[in-house]
Structure formats: structure tokens, C-alpha cells
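Here's the structure, in C-alpha cells; my notes come after.
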Amino acid sequence: MNVLAIDSSNLVMGVAVTSGGKVLGELMTNSRKNHSERLMPAIAGLLDNVGLGPGDLDRIVVAEGPGSYTGLRIGVTIAKMLAWTLKKELVGVSSLEVVAQNARYFSGYIAPFFDARRGQVFAGLYQYKNGKVISSMPDRLVLIKDWIEGLKALNRPLLFLSNDLEKWNDLLNTVPLAVFGDKPQNVPHAAELARLGEEKQPVPDIHHFLPAYLRLAEAEAKWLARQQER
Amino acid sequence: MGETMSLNVNRKTMILGIETSCDETAAAVVENGTKILANAVASQIDIHRRFGGVVPEVASRHHVDQITIVCEEAMRESGISWGDLDAIAVTQGPGLIGALLVGVNAAKALAFAHGIPLVPVHHITGHIYANRFVHELQFPLIALVVSGGHTELVFMKAHGSYQVIGTTRDDAAGEAFDKVARTLGLPYPGGPEIDRLAKQGKASIDFPRAWLEEGSLDFSFSGLKSAVINYIHNERQRGREISKADVAASFQVSVAEVLVKKTMLAAGRYDIRQLLVAGGVSANSRVRKEMTAAAETRGIPLVIPPLRLCTDNAAMIAASGTIGFLKGMRADLALNGSPNLAIEDF
Ligand SMILES: [Zn+2]
């Protein structure tokens with residue numbers, strides 16, 4: 001199976017191509033540059049480099065979020081469009097699950113997160129079990145203070161993975177038994193995304209596949225709140 | 001660009017257009033820039049109505065939900081295959097950035113997947129080219145583009161040549177319609193509601209018309225908007241019942257008069273063979289009626305697209321994209337949405 005993996009859900013932009021599980025190529029940047037301008041050229045360039053055309057692909061895998069709304073829309077739109085028009089399979093994978101793969105063989109809890117502004121984080125909790133990194137609880141949007149309190153209560157060895165570790169350094173250090181990912185461990189790798197995508201079921205309906213925003217649009221949330229007041 | 005266009009009559013030019021600049025997700029297939037083979041539009045009006053206007057983040061999310069659906073519908077309805085397409089034309093701007101990005105990236109993915117050229121389109125030129133489905137364009141011409149986002153007078157001496165000769169200095173005309181409608185408690189979108197209500201009222205209230213400096217072709221609608229809103233508030237404060245129909249009629253007459261007089265002033269200044277009106281507000285019955293009468297008096301051939309082509313759609317993007325394609329305009333896979341794209345840089 002030839003897999004194209006796309007991740008533009010956060011600051012990191014990643015593209016990978018695998019064939020029969022073998023990594024043919026991977027491309028990654030971790031910089032504040034425009035994903036909309038760079039993602040499609042990166043995909044075309046990498047495919048060209050590994051000698052595959054769009055028609056040679058069997059499956060498109062996309063990091064579905066959580067992450068930046070705009071970034072998610074760029075990656076998901078391209079992935080949907082390619083899968084639909086080339087009649088290929090589409091798989092969505094949690095962006096946090098991709099990062100969690102970097103802690104394979106770690107025996108405690110794996111805690112990847114992305115900064116979500118206003119004191120919030122998109123956070124997940126994973127464990128390495130029976131040769132796989134599996135989710136211990138659903139990804140969520142949470143106040144980092146509340147998240148930290150919850151993790152303290154676990155009282156187990158824990159590995160934080162995040163491109164935004166430094167921002168929350170002081171708070172994270174209050175968690176006993178916590179250790180921190182090295183810099184390359186904190187960024188998602190698209191080849192891991194490709195591997196995860198190869199294991200998962202394709203989406204049944206490409207048309208209605210949407211990013212995992214994990215948060216309503218603000219106007220939508222306010223509107224719902226007003227309805228409930230009535 | 002700039003070289004003469006080769007209009008090869010032996011070959012059909014087939015373009016898929018994609019439009020997501022605001023709250024309509026749209027895809028269309030157009031032949032030779034003049035014939036609509038398919039025109040799929042997923043409107044979000046019902047979604048935004050409860051917010052009283054277009055919410056960018058909500059619009060962007062719905063575009064992602066609808067984009068492959070409208071493309072599938074357009075391709076199926078047209079009966080053509082990907083190999084029959086000469087190019088994919090997409091709205092590059094202006095518009096809401098988050099919304100534009102969906103269409104631009106969708107178009108890039110399609111262009112890459114099928115090895116088809118990509119042509120960037122300025123949204124306003126799309127509105128202008130909607131007229132080409134009604135009547136072949138005759139140059140030189142002037143187009144009044146008037147919508148919720150735009151109020152512009154554009155001079156064209158040839159296909160694909162655009163010179164802005166007048167523009168709004170504050171609100172777009174359609175924006176004024178929406179705000180006045182909201183103050184009157186009418187549902188979104190306000191334009192059609194005001195039009196409907198105005199038919200039951202009399203233009204008995206004297207609202208201001210902004211002419212700006214002597215001879216200016218620019219527009220200003222914020223003063224009028226404020227005057228109408230102040231009038232409504234004042235009357236209500238005095239406990240007087242207002243006639244919504246009369247307010248709607250008076251406001252609409254004021255907008256139409258300014259639009260028509262400025263357009264005629266421009267028409268008198270340029271030696272034109274055709275006058276076009278385009279954009280959502282050109283669906284307004286008063287504007288249509290007054291513009292038709294004024295053009296007739298002056299003997300200027302007027303073209304206004306049918307109502308369904310006045311609002312945002314992708315057929316118009318494909319029509320303008322056809323001209324861009326024939327002129328050799330191409331975008332590469334680095335194309336990005338440009339929220340403030342200027343028509344003259346285009
Ligand atoms: Zn428009």
C-alpha cells in the first residue's frame with residue numbers, strides 16, 4: 001500500500017510517503033511560515049522525489065486535529081480533495097496521537113499537548129501497551145491548570161511531549177515524576193502518521209469528513225448558550 | 001500577459017470554477033466562458049441567519065464540509081471528465097481569508113491530482129463576467145459591481161483589463177442594506193427583505209445622499225446608514241410608531257439614486273458601448289428599474305445578469321477564469337488566498 005500522510009494541524013508541517021510500510025520520504029518544517037502556500041508544493045515535491053505520481057497512491061492519511069483551525073482546514077481540504085478525486089481511501093488520525101508515537105517504549109503515561117491560547121491546551125493521554133501506543137482517554141481542550149491537577153492525581157511516571165513545553169515550563173515542573181521530551185521528540189513526524197493511518201479504518205464518507213476542532217466556533221457556542229437560557 | 005488573445009474557435013475551452021470567498025461554497029463548469037454546463041452552489045444563508053450575518057469561522061467550517069460535494073455535483077451535472085478540463089479557476093480574493101483558503105487549497109489539490117493548469121481569479125471580475133452568460137461583452141464598457149462587500153465602478157477597454165474608476169470610501173452598499181435591515185428587525189440577509197418591504201411603503205422620509213466632491217465617482221454609504229438608524233432610534237425614543245415599509249422604501253430610493261447617478265456620471269465621462277451591473281445588490285428591484293430607465297434615456301446598452309447569477313457563484317469565476325486562461329495567466333501550487341487582492345494588481 002502506498003500512503004501519503006499530511007499534517008498541517010499545528011506549527012509543524014509534515015508530509016510523508018510510505019510504501020508497504022517502508023518510509024520512502026519525509027519532509028518536515030517547524031517554523032512560522034505559511035502552510036497554505038507551502039503544503040501543496042511540499043506534497044508534489046516529495047511525491048516527485050520518491051518517484052510516485054498521485055495516481056500511484058492507495059491511501060491519504062491526514063492529521064485531523066486538534067490544532068490551529070486554519071491549519072486543519074488546509075490539510076483536511078487537500079486530503080479530502082485528493083482522496084475524493086483520485087478515488088482513494090482517506091484516514092484521519094489524531095494529531096496528538098501522532099506526537100505520542102515519539103514516546104514508544106516509555107512505560108509511564110505519555111502526555112502530548114498543543115497550546116490552545118487563553119490558558120488552554122489541546123491535550124491527550126496515551127500509554128505504551130503490547131507494542132502499541134494507545135489512548136487512555138479522549139483528546140480534549142482543557143485549561144492547563146486543570147489538566148495539570150488531573151495528571152498530578154495519577155501519581156505515575158509521566159512524559160510530557162510538546163512543541164510548547166517552554167511556555168508552560170513552571171507549571172509542568174510541579175507534576176511529580178514528570179519527565180520531558182527532547183526537542184526532536186516534541187514534534188510530530190509524518191512517517192508516524194502514515195504508519196498509524198495504515199493501521200486504521202478509512203472514513204466511510206469522504207464528503208463529510210471534518211477536522212477534529214474539539215471546540216465550537218465562538219459564535220456557535222454563544223448562540224447555543226443563549227438558546228439554553230431560554 | 002498583454003499579448004493578443006488567441007480565440008481558437010475550433011476548440012472548446014472548458015473550465016471548472018471554484019468559489020468560497022464568503023458564505024457560498026460553489027463549483028461550476030463553463031464552456032468557452034459563455035455557456036454554463038453546471039453550476040452547483042451550497043448556500044450558507046440559513047446557517048448564518050441565526051447570527052444576523054456571516055461569521056467567518058462558521059463559514060470556513062462549512063466550506064470544508066461542502067467543497068467536495070459541490071465539485072462532485074458540478075462534474076456530474078456537466079457530464080465531462082477531468083481530462084476534458086483545460087483549467088481550474090479559483091477565487092484568489094478578495095474575501096474572508098479562512099474561507100478563501102478552502103477553495104484555493106481544494107483547487108490546487110485538483111490541479112495537481114489531474115495535472116491541470118490553475119488560474120487565479122479576482123472575485124469582482126467574476127461578478128462582471130456573470131454578464132457574459134446573458135450578452136457578449138462590448139468594449140469599452142463600465143461595470144458597476146455592488147454587493148455586501150463591494151461598491152465599485154470598473155472601466156474595461158478589453159477582456160481581462162480592469163481599471164477601478166470609483167469605489168466606496170466606507171461601507172459597501174450591501175452592507176448598508178444589511179445594517180438597516182437589522183435595525184428594522186428584519187432577518188438576514190437584509191437586501192431582499194428591504195426590497196420586499198419597500199414595495200409596500202412610500203419613500204416619504206428624506207434620507208441623505210452622499211455625492212462627495214463635485215464630479216467624484218466614489219461612493220459613501222455610512223452617512224446614509226447612520227441617518228436611517230438614527231431616525232429609527234429617535235422615532236422609537238419619542239414613542240412614535242415607525243412605518244418599516246416607509247423607512248425601507250426611503251432608504252432604498254436613496255441608495256438607488258446615488259448608484260444610478262454616479263454610474264451615469266461615469267458613463268458620460270467614458271465613451272462606452274455597454275454598461276454592466278453585477279453583484280448581489282444588482283438583484284434589488286429599485287436599482288434594476290432606475291438603472292434600466294436611466295440607461296435607456298441615454299441610449300446606453302445595459303446588461304444585468306439574472307437574479308441567480310447576481311449572488312456569488314462559481315460559474316462567474318469560471319467565466320472570468322476562461323479569459324485569464326486564454327491570456328496565459330497561471331498560478332502554481334504555492335497560490336494562496338489574498339483577502340485584500342486589488343483588481344488592478346490582478
Ligand atoms: Zn461577491
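Just so it is clear, glycine is given a Cβ too, placed from its N, Cα and C backbone atoms.
Here TrEMBL flags B:HIS123, B:HIS127, B:ASP312 as Fe cation binding site. Under the heading substrate binding site, TrEMBL lists B:VAL145, B:VAL146, B:SER147, B:GLY148, B:GLY149, B:ASP178, B:GLY191, B:ASP195, B:ASN284. The domain 'Gcp-like' annotation in TrEMBL covers B:35-318.
Annotated features, which come from TrEMBL, shown on the structure.
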residue  : record                 : CB count, 10 Å
B:HIS123 : Fe cation binding site : 26
B:HIS127 : Fe cation binding site : 32
B:VAL145 : substrate binding site : 28
B:SER147 : substrate binding site : 26
B:GLY149 : substrate binding site : 22
B:GLY191 : substrate binding site : 26
B:ASN284 : substrate binding site : 26
B:ASP312 : Fe cation binding site : 28
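Ranking the binding-site residues B:HIS123, B:HIS127, B:ASP312 by Cα distance from B:GLY191 (substrate binding site) puts B:ASP312 first. Listed in chain order, the residues near the Fe cation site other than B:HIS123, B:HIS127, B:ASP312 are B:GLU19, B:SER21, B:CYS22, B:THR91, B:ILE124, B:GLY126, B:SER147, B:GLY279, B:ASN313, B:MET316, B:ILE317, each with its Cβ within 8 Å of the site Cβ centroid.
Candidate binding-site residues: B:VAL145, B:SER147, B:GLY191, B:ASN284, B:ASP312. Those with a Cβ under 6 Å from ligand 1, in sequence order, are B:SER147, B:ASP312.
In the three-state DSSP reading, B:VAL145 (substrate binding site) counts as strand. A gap of 11 Å separates the Cα atoms of B:ASP312 (Fe cation binding site) and B:GLY149 (substrate binding site).
For B:SER147 (substrate binding site) paired with B:HIS123 (Fe cation binding site), the C-alpha to C-alpha distance reads 11 Å. Confidence for the domain 'Gcp-like' (B:35-318), expressed as mean pLDDT, is 95. For the pair B:VAL145 (substrate binding site) and B:HIS127 (Fe cation binding site), the Cα-Cα distance reads 7 Å.
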